[in-house]
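Reading through the structure tokens given below for one structure.
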Amino acid sequence: MEKALSLVVFIIFSIMLASVENKVNANTCIEGIGNCQQCDVRCKARHGPAAKGACDSKFQLCTCNYPCGQGPSPPQPKKCYGGAGICSDRCGAQCCNQNCAQKYNQGSGFCDSIGNTSLCKCQYNC
């Protein structure tokens, strides 16, 4: 009777352990992130401290295992550059910035000297 009870407890414990393991594995996502150089460090930088990078020695590829839902942040918008004329005593850095803000969506401007000429350069989201 005591052996049967021990066996039942062991079976229940094994089922519980397998169930927990499946739940953990079900929430793990995988991403290939290139070569093996600093695999674990790059994986953690991309997906947080719970992520684990593993290198496939045969193919020299890094695979990142991380908890699903904790992926990389959305990509930042691409930056484009344009011009808004010449910077001068009459239109300096503040004027340049205002011109770029009016000319481009979410634009900002700065004066950049090239030789004897100071150009108003704009940076904005493409």
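Cβ atoms are placed via backbone N, Cα and C, with glycine included.
Annotation comment: Swiss-Prot describes 1-26 as signal peptide, evidence class sequence analysis.
If you draw a 10 Å sphere around the CB of Cys29 (disulfide bond), it holds 14 other CB atoms from the protein chains shown. Feature annotation from Swiss-Prot assigns disulfide bond to Cys29-Cys68 (among others).
Residues annotated as disulfide bond in Swiss-Prot, with similarity to another entry given as evidence: Cys36-Cys55 (among others). Sequence-distant neighbours of Cys55 (disulfide bond) (same chain, 6+ apart, CB under 8 A from its CB) are Cys36, Cys39, Leu61, Cys62, Thr63.
Positions annotated as disulfide bond by Swiss-Prot: Cys39-Cys62 (among others).
Counting only same-chain residues at least 6 apart in sequence, those with a Cβ under 8 Å from the Cβ of Cys64 (disulfide bond) are Ile30, Glu31, Gly32, Ile33, Cys39, Arg42, Cys43, Arg46, His47, Ala51, Lys52, Gly53, Ala54. Under DSSP, Cys64 (disulfide bond) is assigned to a strand (E or B) in the three-state scheme. According to Swiss-Prot, the feature disulfide bond maps to Cys43-Cys64 (among others), an assignment based on similarity to another entry.
All protein chains considered, the CB of Cys80 (disulfide bond) has 13 other CB atoms within 10 Å. Taken from Swiss-Prot, the feature disulfide bond applies to Cys80-Cys126 (among others), supported by similarity to another entry.
DSSP assigns Cys111 (disulfide bond) to a strand. Around Cys111 (disulfide bond), the C-beta neighbours below 8 angstroms that are at least 6 residues distant in the chain are Cys87, Gly92, Ala93, Cys96, Ser118, Leu119, Cys120, Lys121. The feature disulfide bond is assigned by Swiss-Prot to Cys91-Cys111 (among others), with similarity to another entry given as support.
The secondary structure of Cys96 (disulfide bond), as reduced to three states from DSSP, is helical. Summarising the annotation, Swiss-Prot assigns disulfide bond to Cys96-Cys120 (among others).
Summarising the annotation, Swiss-Prot assigns disulfide bond to Cys100-Cys122 (among others) and lists similarity to another entry as the type of evidence. Around Cys122 (disulfide bond), the same-chain residues at least 6 positions away in sequence with a Cβ under 8 Å from its Cβ are Tyr81, Gly82, Gly83, Ala84, Asn99, Cys100, Lys103, Tyr104, Gly107, Ser108, Gly109. DSSP gives Cys122 (disulfide bond) a strand state.
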Check: Which whole-number value in Å describes the distance between the Cα atoms of Cys80 (disulfide bond) and Cys29 (disulfide bond)?
Finding: 33
Checklist line | Between Cys126 (disulfide bond) and Cys91 (disulfide bond): CA-CA distance (Å) | finding: 25
Next item on the list: Fewest other Cβ atoms within 10 Å: which of the disulfide-bonded residues Cys39, Cys96, Cys120, Cys126 wins that one? Let me know.
Entry: Cys126
Note to self: Most Cβ neighbours within 10 Å: which of the disulfide-bonded residues Cys36, Cys62 is it?
What the structure shows: Cys62
Item checked: DSSP-derived structure type at Cys91 (disulfide bond), helix or strand or else coil -> coil
